[in-house]
Structure formats: structure tokens, C-alpha cells
Amino acid sequence: MTDYLITGAQLPEGSITDLLLADGRIAATGADAADMAGARAGAQVHRIDAHGLVALPGLVDLHTHLREPGREDAETVASGTRAAAVGGYTCVHAMANTTPVADTAGVVEQVWRLGEDAGWAQVRPVGAVTVGLAGEQLAELGAMASSAARVRVFSDDGLCVHDPVLMRRALEYVKAFDGVVAQHAQEPRLTAGALMHEGIVSAELGLTGWPAVAEEAIIARDVLLAEHVGSRVHICHLSTAGSVDIVRWAKARGIQVTAEVTPHHLMLTDEAIRGYDPQFKVNPPLRTAEDVQAVRDGLEDGTIDIVATDHAPHPSEDKDCEFAAAAMGMTGLETALSVVTEAMVADDSRDFGWQDLARTMSATPARIGRVTGQGRPLAAGEPAHLTLVDPSARWTVDPAGLRTASENTPFAARELPARVMATFYRGVATVLDGQPQDGSTR
Amino acid sequence: MRHLLSAADLSREEAITILDTAATMAATQSRAIKKLPALRGLTVVNLFFEDSTRTRISFEAAAKRLSADVINFAAKGSSVSKGESLKDTAQTLQAMGADAVVIRHSASGAPHRLATSGWIDAPVVNAGDGMHQHPTQALLDAFTMRRHLMPEAGTGAGLDGKRVVIVGDVLHSRVARSNVDLLHTLGAEVTLVAPPTLLPIGASTWPCRISYDLDTTIAEQAPDAIMMLRVQRERMSSAGGGFFPSAAEYSRRYGLDAARFEALPGHALIMHPGPMNRGLEISARAADSDRSTIVEQVGNGVAVRMAVLYLVLAGNEGTPS
């Protein structure tokens, strides 16, 4: 196994150090790294000059759609985790809305095993809350938790657990194995037929609106349920200013709530839909400029805990059509770090640096998902999951050049800052010089 | 004019050019031989994904009066019902030699996608898309108003200072959206009157007034024209959205009954895009009065659509005499 001696990397808090990766761990840092590299008899050392690069703990995504089993034409576990590695991720949580639905120990073990075999990143399956995502009967949450996949996050994502009694039962039940219910907050009656955010733009375009209150009402209900039963609840892809306010209130009250925002909700507004381009169709929908400012503020002040991609690949036939007929969702694994850099790190008026990015895109998502060994500090003895980023790079997004199996990105032809130069998973380079290390070279 | 997708896209100059061209077209329709050779050899495809016999026949008549060949494509019973996409259908029609595509679709934005996605090269005319736009309807409404309200103005006139009240289901109405945009462009003052449940959340930013009270609006605005929108009875039920409690309540509060008809200024036009629900949004007395332009609007539709087809297909060669 190759050792890697990374020299001159900037850690998230700003200090410069060397890092030696050996036997799947960070064997040494600082001056010890080069000494130990020289002392390891028989080891092949690959030296990487990382001056000017930022070293981050490997990114952890709490919200990825890998589509396998069932829609391998859109993405497979292998293609999705390869894209994840290119985006700097060493761990992804695979959502349950596959075909069949990941609502049994068998399916979650299958997804986990496919991830282990592919070797690009750790795959943590998310288990469905209800059988078949039907919202009627709890799935066997305990069986999934005690399976080889060790599921800790449960979600009907794509659909809301809208029955309050069922939601209460799920919140109570997962306490037995320290699980968390990740809620897709969408009141279904208020969003029937909805195609985009309800507001000025939807009124002009004649597209049925998805009102902000449909998200906020469910979040308000669920934080109160979580308080009542003393459980953890996680809010998926929070998108409105009102939602930020509710989560802020809940946290101040001591409720165990965590929340995520997607990169696209940090960057884009509903104005993008004026051309009826289905690449901008997503659930929850792109909101207003005021909402974008509110979610940025919420991420900065810690109300929103993490950034999660909601990577949602779709084949071209599901997007190259009229807006109403198009599937909802956009890919995000390969653009997330750059988009967050532009929206948050590069904004000098904000108090949000690389440490905050490491916290919100690695450490905290790992903690919420109860993933041991991920999101750890870059210190001697820790597992060697890390990402090297060139903060000065700028690149133009070419959908055809992305590694995900689908091309539905809203950032096509857009220039973005920061580029992942290398990713290490279990001490193995999955990406070097910005290129995935396929086959025998990895 | 490359396409006609939305009334909001039209400048005042472009809108007046269409109305003036339509006036020229209308004049030819009183001749013994109504047919003009302007589009001879060109093929217009009526691509109707949604039923609308009136609009399709109007476009068909307009194209034929200009000597174009017409292909009518209805989605029902076609490959669309077998799962073919809009993109594939459009490209098939292009391969068959369509020079212009008139599209009607239940999805808002479908004409925009057709025109801007690179699927076809032909000009696209929006014949109504979802809840979004129906620009030729707005043009024929404006044409009708200009004829009656500005009879001396002649070509080049807008509708400056004219007060128009539009009443009813604005939320689901492409006619209302198109009319607000076009009438504002032409200088008219528009007031929308509807129950709050039938007004879109963002309508307050539109270039018009908003009112929930029809009687007050008639009294204060003294409109030059009042346009009643069709109300779908199923909107009452909870399955249809429960937008208002009952037909009777809607009619009492928003119907153009005899009393409201009497309260209008003597010259005010009574308009409706059709088909009407007599007794619900409009009384027979108003619909059948000599101030009603409802039947005339249909006839003017042919002239306006002739003008639009002419301008997108041959417009650079000047207006025909």
C-alpha cells in the first residue's frame, strides 16, 4: 500500500503542516511526517506538494440519491460514489427512495455492500421510515439498524411523513438505537401539483406554487413532536426564512433538532425559472433572494448545522422536456464544495471560513449520522479520510465532464471557485490532480 | 417578430403593429374573395395537446385565408398518448416541413421550451399554455376594445387611459395574465376583481389594481370595458380546491347580474373569452345586450391570428394591402 507524504498543506484553522498517510491512517503530522516517511522501511512514498492547498477532513454528505437499485440508468452506487470522490467526499448517505425502496435489512445491506465493493467512499444507507414510502406503516427500523449497514438515519425523503401520529412513533422508536428521523418537510395538501416556489415569479409564469408555509408548518410540528418525545429530528433541505426562524427558536428551547441546507438553496433563486428550464426544477423549490440570505445567515450562525447535497441525478429524457413534465432534482456532489465556497467562504462580509466549511460539510454530518471515523480532525492517529482543495482555482462547470452518470446540473457553464485536487479514502487516493483514480492505479 | 410566446414580450410598438396589421386583415375579410396569397407554399402546424376546438378552428381559418397549408395535430389518439415526448413530436413535425408551429398545451411554459430548446427552427405561436399566457386572445380583446373605444384614432393608437375591469378566476386564467400585460403596454388601466382565493399570491406586483369587491370597483372605476372570466363549477368542491363556497355565493358577489349591468357606464363593453356560464359569471341580459362584444371577439380572433401568422412568417416583407 502506498504511503502519501503531503507537504505544506493548510489546515482548516490556518496552520501549515505536513501529513503522512500510512496504513489507512494519518500516521504523523508536522515535522514528524517527513521523518516517519523516511523511516518506514519498504514503503513506497508518494509525495504531494500541497503548498497553497487547503486540507479538509473528507467531506460527508448526509443526503445523496444513488438511484441503485432500480434506476441504474440515472446513477449507480459506483458512479455516484466516484462522483462523490471527485467532489471531495469520503462518505455519503444513500437515500431510501430506490426501487425497491430501502425499507428492509436486505436492501440496505445490498446498497452498503455495493459501496464497499466500489471503494470510492463509504456508503451509509438511509432506511425508509415507512414501508414503501407509503406513509402508512413503520418499516422494520430496528432490523435495518442492526444489519451490516448499521443504519442510523431514517427518511422517506422525496415524500413527507405527514401523518403526525406516525411521525411521533418513528421519532420515539429510533431512540432505541440512537437513530434520527430526517424529515422531508412538505405538507402534501398545500403542495398538490406544485412546480416551483409560490410567489411573484410563479404568478407570472403560471406555474402552480409550492408555498413556504408548507415547509414551515411541518417543521414547526415536528420540532414540537421531537420535544414531546425527547428524540432527535433532522430537517432535510431547509429552504425558507421562516424555517430558519423556527429551527432557531427550537434550538433556543433545547429541542434536539438539526437542519441541512443544500448548496443550490444557498446560491439560486426562483428567478432562475423564468426560462422554464427544468434544470432548475427541484424539491423543495428554489426560493426568493430573501430566503437565500436567511439560509446563508442561518448556516453562518449555526442555526443550520450542515450542508447536504441532495444529489439527485436524472437521465436526460426526464429533464429535456416541458417544465411540468420534468423530474425534480439536480446533481450536486461535484459542485457542492465550490458553490459553498462562493456563497459563504468567498464572501468577505461573512464570518465563515474553511473551519466552518469543514464543520458543516464533514464533522457535523458525520455526527448527525453517527458515522464513526469520518469527519475527524486531521491529527495523527485518525483515519486517513481527507480532501485537498485549491482555493485559488476557478473552473467552468461542463455537465458532460462531470463524473456522475447524469448531466442535470443547474450550474452548467457557470464559473465557480475552488477545486478538489485530491481525495483520500481509508488512506487510498481516490482522486489525484483532480482526476479519479480508476482501476489498478487506485 | 420571431415567435409569439407571451403578451409580456410585446413592446408597445410591436403590439400596435399587430393590431394595425389585424385591421388590414379584417378589411380584406369583407371582400367577396377572402383569401390572400401571403403565405402560399408555407405549412402551419396546429399542435394541440389540449382540446380547444374554437381556438384551433380560428388559427386554421387564419392560416387558410393566408393560403398556407395547415396540418392539425391533436394529442388525443396520437403518439403522445403512447408516451412520445414534446421534443420528439416537435422534431417529427419539423421533419415533415412545418414552417410555423401553433401550440396549445396544458403545461405552462411548453411553447417557451419549444421555441428556446433548439428542438425545432420554426417560429412558435402560443395558442394558450396552462395558466400562463394566451397572447392572441389578449390581442383580439385589445383589437375589439380599440375598434369600439377608439373608433376615430385609426392606426397607431393604443388604449391610453381606458379603464378595463377583469372579473373572476384570475388564478387559473391565462387570459387574465395576457390581458394585464398587453393592456398595460397599450396604456390602459386594468383592475382585477376576484375572491382572494382566485388571485395568485404574486398578483399584487402586476401592473394593475386588485379588488375583491365588484360593486365598489364598478362605482369607482366606471369602466370602459368589463371582461368576465369563465368560472369552472368544479372549483367549488374540495377536490377542485374549494376556492369558493357555492355557485350561488360566487354569482351574488362576482356575477355580472342585471343590477351591475345597469350600474356600468352606458358605453361600457361587455366582454368574455368564452365559453360562458350563463347565470353564473354573466347574466343573459348582459351577454345578449347590444354592448356585448362576445360574438364579435370570435370573429376578430381570425383577423388577429392572420396578422400574427403573417408577421412571424412573412413580416419582414411589409404589410399586405
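Using the three backbone atoms N, Cα and C, a Cβ is placed for every residue, glycine included.
Just one of B:R31, B:R104, B:R163, B:R252 is listed by TrEMBL for the same carbamoyl phosphate site as B:R54, B:T55, B:H134, B:Q137, B:G274, B:P275, and that one is B:R104. In sequence order, the binding-site residues near chain A (CB to CB under 8 A) are B:R174, out of B:R54, B:R174, B:G274.
Local packing around the binding-site residues B:R54, B:H134, B:R230 was summarised as the count of other Cβ atoms within 10 Å of each Cβ; on this measure the leading residue is B:H134. According to DSSP, B:R104 (carbamoyl phosphate binding site) sits within a strand segment. Across the structure, B:Q137 (carbamoyl phosphate binding site) and B:R174 (L-aspartate binding site) place their CA atoms 9 angstrom apart.
In the three-state DSSP assignment, the secondary structure recorded for B:R54 (carbamoyl phosphate binding site) is helix. According to its DSSP assignment, B:P275 (carbamoyl phosphate binding site) is coil.
Within 8 Å of the Cβ centroid of the carbamoyl phosphate site, not counting the listed residues B:R54, B:T55, B:R104, B:H134, B:Q137, B:G274, B:P275, the chain contributes B:S52, B:S58, B:G128, B:P273. One residue stands out among the binding-site residues B:G274, B:P275 for having the most other Cβ atoms within 10 Å of its Cβ: B:G274.
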